[in-house]
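Each remark here refers to the structure printed beneath this line.
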2 protein chains.
Amino acid sequence: MKTVNTISEARDEIAGWKEAGHSVGFVPTMGFLHEGHLELIRHAASENRRTAVSIFVNPTQFGPNEDFESYPRDLERDLELAKEAGADLVFAPAASEMYRGTPAVTMKAAARTDVLCGESRPGHFDGVVTVLTKLFHILQPDRAYFGKKDAQQVAVVKGLTDEFFFPLEIVPVETVRESDGLAKSSRNVFLTEDERMQAPKIYKALQAGQRNYEDGFHAESAKTEILRHLAEIEGGETDYAEILQYPELVPVTEQSREIIAAAAVKFSGARLIDNIIWTVNKGGN
Amino acid sequence: MKTVNTISEARDEIAGWKEAGHSVGFVPTMGFLHEGHLELIRHAASENRRTAVSIFVNPTQFGPNEDFESYPRDLERDLELAKEAGADLVFAPAASEMYRGTPAVTMKAAARTDVLCGESRPGHFDGVVTVLTKLFHILQPDRAYFGKKDAQQVAVVKGLTDEFFFPLEIVPVETVRESDGLAKSSRNVFLTEDERMQAPKIYKALQAGQRNYEDGFHAESAKTEILRHLAEIEGGETDYAEILQYPELVPVTEQSREIIAAAAVKFSGARLIDNIIWTVNKGGN
């Protein structure tokens, strides 16, 4: 595995792969890799001849009151883990390499951003689409891998690549869960023992919402069902629960084909998010 | 030469070229090709194994009071001319192929736009960077060709590709001039006989500005010199004259390496623009 810090070195490496006709998988990360990232890297490595991983804590996707400075970093450990998971190249640039003064052109995520977690993070997804456009141009992947755990990010990224016809495929990768259904997350370690016992109820609430929706195709009723289940979580305060059309993240209509049920719950030491996405199947067609 | 109307057909064609290891040159146009376009296509064809031309009257770069509907179109003639000049592929999509409903992500040209012609065309360059991003992703050129006649467009496009690290080279092509120095333009035919006699004075005014600048390195003095010459044009009203740092299009400083002198003059039937760009050479270094 090779590690490079400059765009020019990354381009050289990718050019060699392209010349040899190798397919390229790409996993963008902000480092401090956990099981979710490694699953993405393994997926990329299994579907492409070469796999590139970026490790870049992107300043433009943090709000002024967010934790950019204190965001955890451990490059040495990340490199070890990325290599084990199957990465061939790690691109770990400095912020000054990716952002060179006042931007001549800017990007704005104009849809899919004012719901779910995006509602409380104005500008966050502008930073996401900006840095991904740069990374896609530098690493020129055939496929880029994103975890479904952050379904809104997947939706915004699909919006980006569909809107501008990027020559690559976005591959959403299934959320990895503990045996009791709790979605894996670095934040789970911040839960108390009691909270850890309660946390799987988020997933169960979403599943109940899906069943309710499939019974009557009433989004409001399904949302109420999720909220009812979330209210039973001891020590957890519901932040939001939504049933929306996916990936547009707009209210469900008769025409909606893919549906997302998503929720966020605040515990004493961590705010957990989860979601499930399914395809509507009316009358077995 | 092949002509395609859909993104998917264009992608198929380009994929074949890429697989064969062919370099790709690209000339974006809004059709109604004239000598300037043909010069770009010839340049592209001479420097690349394959040359793609797009013909697309981009609605998003026209202002509400501009001439989108009446913009001249003649696809049949364009195809003939493009073929003769050396094009291998013409991509001529419908607007509905390039713009599919409310955009999920938008782009804004945030610099280099509020001077020269951009001052009177708010939003114009947002449309330019948006459509070029799409076209670059569809046609994946190694090099894209733009005429220096529209130097501000070249500057904005360089800003776009530098900012987002597009994996391609922008090649600015020298302005083609009549024997008396007048820059070639489709609009020259709208000049009266007297105006046509006067029009070469625009280029001469810019040259006088350059000489003045090189004498004393005073941008204001050089601009005054240009304005003085332009004032002598009978039947032509000066719209603007500027000396700026290129490609940033900001005021000239001691550090400026490339300088543009640009002017626009209104005649009875046409508004003509012209510019010259030179590299500062102080004391022969």
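The backbone N, Cα and C atoms fix where each Cβ goes, and this holds for glycine too.
Positions annotated as active site, proton donor by TrEMBL: A:HIS37. Annotation source TrEMBL lists ATP binding site at A:30-37, A:147-150, A:VAL176, A:184-187. The feature beta-alanine binding site is assigned by TrEMBL to A:GLN61. The (R)-pantoate binding site annotation in TrEMBL covers A:GLN61, A:GLN153.
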Secondary structure at A:MET30 (ATP binding site), reduced by DSSP to three states: coil
Site with most surrounding Cβ atoms, counting all protein chains shown within 10 Å, from the binding-site residues A:MET30, A:LEU33, A:VAL176: A:LEU33
Shortest C-alpha distance to A:GLN153 ((R)-pantoate binding site) - which of the recorded positions A:GLY36, A:HIS37, A:GLN61: A:GLN61
Among A:HIS37, A:LYS148, which are recorded positions, the residue with the most C-beta atoms within 10 angstroms of its C-beta: A:HIS37
Residues near A:GLY36 (ATP binding site) in space but at least six apart in sequence (CB under 8 A): A:GLY147, A:LYS149, A:THR175, A:VAL176, A:LYS184, A:SER185
Neighbourhood of A:GLN61 (beta-alanine binding site) by C-beta distance under 8 A, where only residues 6 or more apart in the same chain count: A:HIS124, A:PHE125, A:ASP126, A:GLY127, A:VAL128, A:VAL131
Cα-Cα distance linking A:MET30 (ATP binding site) and the residue listed as 'active site, proton donor', given in Å to the nearest integer: 10
Sparsest-packed of the listed binding-site residues (A:GLN153, A:SER186) - C-beta count within 10 angstroms: A:SER186
